[in-house]
Amino acid sequence: MSRLLGDSHRRFLQTLMAVGITDEQEARALYQHCCDTHKMPCTPDKLDEFIEAINSRLQPMFMQIRKGMSEENGHQYYALVNMAETDITRMTSDYADNELELFRKTLDLIVSSENGTASSTDILNSTDTMTSKKLKKSETEHLLTRLVQDKWLCERRGEYTLSTRCIIEMEPYIRTMYQDQVKVCHICHNIAFQPKCQICENPSCGIKIHNPCVARYFKGRVEPRCPACDDFWPHEIPDFPAAFRESRPPNKDKKLQKTTAS
Ligand SMILES: [Zn+2]
Ligand SMILES: [Zn+2]
């Protein structure tokens, strides 16, 4: 279906390209801003329709604005995704070949780990097996800082996890590369990494559910049971959304304001 795109659609798309990822609240504010700037009527509950119109025009270019959930706080996010590339080539303009090799190694560590994290020590050690130009310790540390700044990785006390942006944008790649290791959430069917999810303790079941999805699914149920095997769900049901307060990356809002201004 081909729909006409107005200036407001174009402005929305340009801003999203500049910031990479935006949460739902910011997307709503941006939608309002774009409509106001170009004197278009803005219907607050029509954001998804507005994005669908943009997506119908992006489709021939194998691009798409995709919605995904943060495993951290359960909030919805929007990211511009290149559907044609199932590799991490989309990052090649920003990173050198050996940096991309180390990013791939970091992905390997995170996906194959029990808890969805990789320690800085393990990442530093993995430079020993690099086939491209080996990164020095200081270069590796600098690269990790950049990957966090560019919102591909998150860091907490020396432990690295995949960011929401990375999970939304790299989902086709991760699913293809790590078919046997990747588990999906039984509720929302997106990739689920530990420790941001709960697992059914029935050994013949073992489904995973994201913490925010657990909170939503079991809300108000007196005796929680596994949606797959009907066994008792023994985990504590997180209190949503209070338990998942968002920790925003610094300067994110400033950057968004800067790009939406004018
Ligand atoms: Zn889920
Ligand atoms: Zn179960």
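Here the Cβ of each residue, glycine as well, is placed from N, Cα and C on the backbone.
TrEMBL has this to say about the protein:
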{"type": "DOMAIN", "residues": "185-229", "note": "domain 'Non-structural maintenance of chromosomes element 1 RING C4HC3-type'"}
{"type": "REGION", "residues": "243-262", "note": "region 'Disordered'"}
{"type": "COMPBIAS", "residues": "245-256", "note": "compositional bias 'Basic and acidic residues'"}
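Across the domain 'Non-structural maintenance of chromosomes element 1 RING C4HC3-type' (185-229), the DSSP tally of helix, strand and coil residues reads 8 helix, 9 strand, 28 coil. Counting residues 6+ beyond its ends, the domain 'Non-structural maintenance of chromosomes element 1 RING C4HC3-type' (185-229) has Cβ neighbours under 8 Å at 68-74, 110, 113-117, 161-162, 167, 171, 174-175, 235, 237-241, 243-244 in the same chain. Per-residue pLDDT, averaged along the domain 'Non-structural maintenance of chromosomes element 1 RING C4HC3-type' (185-229), amounts to 89 for this model.
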